[in-house]
Amino acid sequence: MPATQKPMRYGHTEGHTDVCFDDSGSCIVTCGSDGDVRIWEDLDDDDPKSINVGEKAYSCALKNGKLVTAVSNNTIQVHTFPEGVPDGILTRFTTNANHVIFNGDGTKIAAGSSDFLVKVVDVMDCSQQKMFRGHDAPVLSLSFDPKDIFLASASCDGSVKVWQISDQTCAVSWPLLQKCNDVINAESICRLAWQPRSGKLLAVPVEKSVKLYRRETWSNQFDLSDNFISQTLNVVTWSPCGQYLAAGSINGLIIVWNVETKDCMERVKNEKGYAICGLSWHPTCGQIAYTDAEGNLGLLENVCDPSGKMSSSKVSSRVEKDYSDLFDGDDRSNAGDFLNDNAVEMRSFSKGIINDEEDDDDLMLASGRPRQRSHVLDDDENSVDVTMLKNSSSLLKEEEEDDQAGGIHNLPLLTSQRPFYNGPMPTPRQKPFQSGSTPLHLTHRFMVWNSIGIIRCYNDEQDNAIDVEFHDTSIHHATHLSNTLNYTVADLSHEAILLACESTDELASKLHCLHFSSWDSSKEWIVDMPQNEDIEAICLGQGWAAAATSTLLLRLFTIGGVQKEVFSLPGPVVSMAGHGEQLVIIYHRGTGFDGDQCLGAQLLELGKKKKQILHGDPLPLTRKSYLVWVGFSAEGTPCYVDSEGIVRMLNRGLGNTWTPICNTREHCKGKSDHYWVVGIHEKPQQLRCIPCKGSRFPPTLPRPAIAVLSFKLPYCQTATEKGQMEEQYWRSVMFHNYLDYLAKNGYEYEESTKNQAIKEQQELLMKMLALSCKLEREFRCVELANLMTQNAVNLAIKYASRSRRLILAQRLSELAVEKAAELAATQAEEEEEEEEDFRNKLNAGYSNTATEWGQPRLRNQAEEDTEDSGEADDIEEKPETHNHGAVTSSNQGRINPFKVSGNSKEPAISGNSVRSTNILDSMNKSSKKSTALSRATNNEKSPVIKPLIPKPKSKQVSAASFFQKGASKAGKTEEVKEENSENSSSESPPVCPQNTENQRPKTGFQMWLEENRSNILSDNPDFSDEADIIKEGMVRFRVLSTEERKAWAAKAKGETVSDGAEAKKRKLVADRSRETENQTEKAKENLNLPKKQKPLDLSTNQKLSAFAFKQE
């Protein structure tokens, strides 16, 4: 008996209209573009109940007395049914939701929106939300798996995806549909549907057929089609028993198939030929309600019922007497839907089991309570149908066998295909992309947008072309290119345009370069890739181009087209970027889990000296995010952005680590708003990007406006003054690292920029030091001073002194002396390197002849090595005489590093200004030696010293060696003298100019200490440490009047060196004169470096030594 089509009637104003039945099938519910939801008792109901839900209603769903609608104010609203009382908002989107559905038991809803998001929301607790990201265009439709394991979605990006609800991952994705940019432009709204009860098949309307996919294997089981279908199918729906499938087309045709036999059971044409946009099967009998795109409502009766038994002339259960008992009590219990009823019954037996009639009989007995007559009739009716179909069905038999394979339920089928594994699930790898491009499926898209210009691609019926536009038209004029080869990726530099296309059956993948800056007439070249090799990512640098291919190769070319190096990539490429000589490659290091991508980064420099900076190091990404942009700042520092909006930059000053410099999500107003990055500048600090409302990327028209965001490092407590200044300081340091990189690689840069940065950083440090002083954090002040330059430390000493913080001033003074020594050491090393280069040039033409240039150099080196061993021995011995006070403090420093700076520097600070200057001079001249000593000692000897003395400390200890007498080094040079002269006396002094400088008269404090040592020891018998004696001596020496201290200083100046030293001088007059000449030459060199010497001039050192403790 064919289906009966009742005349259509007006339902809503013209526009998209949706339809559904209530749980019992007693009412038809429709919504339309007039913003009303109407409840019809039957098709002839002239006074339907109307509920206004908003300006427009795009979709409605009804379950368990709750009516859910997707409304034009971007919300999903709930109303009670049938009263129509508003019951709150379940969730919001940034644009309108296009489809909303209930799951099987009505506890959750799923909604898909034009902002590309799919949400699953708990109806009772709307805070329980799950978000599914992955579509690149508006979502068209959704369908819940009856078992609540999967969710299917269709989108304007052309894909149909199946999501695992539990962990929000995409189980499978099929590119089935025509791509478009919005729902109104979609050829089909693709209302897909799972087979009820078992959920074994997913029906997807694709063009003129319905594709059915098998659960779990996701294979295309078969297609349903018909010769009468002339236009695209728009919507599908299943009969409640899962045996029949109905589909509606965009020209008003409704077709019903028997899924098992694949026979077409019904064909019904809409009177006016309007697109069918809503289709709903009655929950218990053979009726289909449908709506069209003009707002009309229609009804089919007696659908797929040969006996006519299933149909009824009206929707309402009150009309047909024969079936009055069947729907008895439906309105009260809401259990008339046999699927819903089964689910309720089965829950008491085994959770999540959905089976056929045999199981229902067992369950009816197992449940332990009688079932209503209507339920029994319902099941019996269904049993007849299934049995009838089994006689002519092969697929259902197979399904039933599967269902019964492990008992009365079908859980064993699931467990056999998916073993008991509850661990992390692998994340699908993200596809290769070009930074600054929008998705491929768009008809109008950006191929690249960077700091040079914009490349747009148009691919529609009218045109297939590429437009190139330059921000600075002086580089090149705008260009229009035909896109006959269908180029998919592009890059743009100030020298060339680079394009690439995928291979086809006839053509190879091609790399096409338009070298517009070439000085000859041939301005383009094309290279074909080998067979079965596709270009996946490209980039341009200065004078070179690179292409990464599907065979894990990276191919380098000159900008003129010469093939250069080819090397293998460790994994499939994700993206690449070039800048100057630098090339960064991002690729898949492995498989990520739980939504994380596993990416690696290679950074290469392709200059004359080719080198690899990053060797495939892991690329840090935010949890469950993926890469969306990679490139370089305008100054040449690698940066990248992930899908959570975190911008990271390579921190060259911290061992090439990645530091987050901005979170664009902090600047977004809505959850679905994003910023699309187009460029990064370090000077001025600017993140240039395009705000995208409700999407991840901008449209080509109208032309997007650029926004500039500021950078902010993720430091703690940036609301406080301290946190704010710390963030500013380290941001300034990081954003000026590029200057060091430019200087190191021989690029030009403005010295004023660096000076300005240093000034800004020192000002911030001084402010932080002042703040720490106010908070009485003196230790923190010293830590901050460690970061300061020499001049800033001097200012800090002044500040501390004026703040009456004498202990802090003393500590800072010690730090200043240490910094002075370090500066001198650095300068001396530079001089040594220059001298070495000079000698190497002079000796370039000579063989092994010992020249006058070479001999002193060799001897000095030997003496240094011997002194190193001697010094190491001295450290282990305890000094016997009080003249070795400085050595003792050095010894103490080696055991306890915290005492080094205090004891070895105090004499330098406490002396008078003139003497202090000489002390600093001696530090300057001996620092080269001390550096060599510490280096050699660390390399060759004394494992005790190595872990305890960092390099700066060793300089500091050596800088304090002006306390030593000549005799303290006598043993150090004994072996050298045996080699270099007949005289093997242990009294012979070192020949180095540094040591002759150290043989100076004692200071006034040293002489005073020698005379008063016994008094100090008698007053403090518990003093065993030389450092304690010196400290106490300094305290007493300061108490002396200015005249007394001057007298001691004068006495020290007038005293001659010891007889032993005189004897040594007499023995080596010749050596002394030669070393004096060398010293004179070095002094002349020093005069030529006034800029580097400046921190050690007289006035500075007077400030350093005397300022903090000046008597008032």
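The backbone N, Cα and C atoms fix where each Cβ goes, glycine too.
TrEMBL has this to say about the protein:
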DNA_BIND  998-1067  DNA-binding region
COMPBIAS  828-837  compositional bias 'Acidic residues'
COMPBIAS  863-877  compositional bias 'Acidic residues'
COMPBIAS  910-941  compositional bias 'Polar residues'
COMPBIAS  971-980  compositional bias 'Basic and acidic residues'
COMPBIAS  1068-1085  compositional bias 'Basic and acidic residues'
DOMAIN    998-1067  domain 'HMG box'
REGION    826-1006  region 'Disordered'
REGION    1048-1112  region 'Disordered'
REPEAT    9-41  repeat 'WD'
REPEAT    132-173  repeat 'WD'
REPEAT    236-267  repeat 'WD'
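Note on the repeat 'WD' (9-41): residues 48-64, 67, 69, 71-72, 79, 81-82, 84, 189, 277-285, 287, 289-299, 315-317, 327, 330-331, 334-337, 340 of its chain, located 6 or more positions outside it, place their CB under 8 angstroms from a CB of the stretch. Per DSSP, the repeat 'WD' (132-173) is made up of 0 helix, 24 strand, 18 coil. Averaged over the domain 'HMG box' (998-1067), the predicted model reaches a pLDDT of 73. Applying DSSP to the repeat 'WD' (236-267) sorts its residues as follows: 0 helix, 20 strand, 12 coil.
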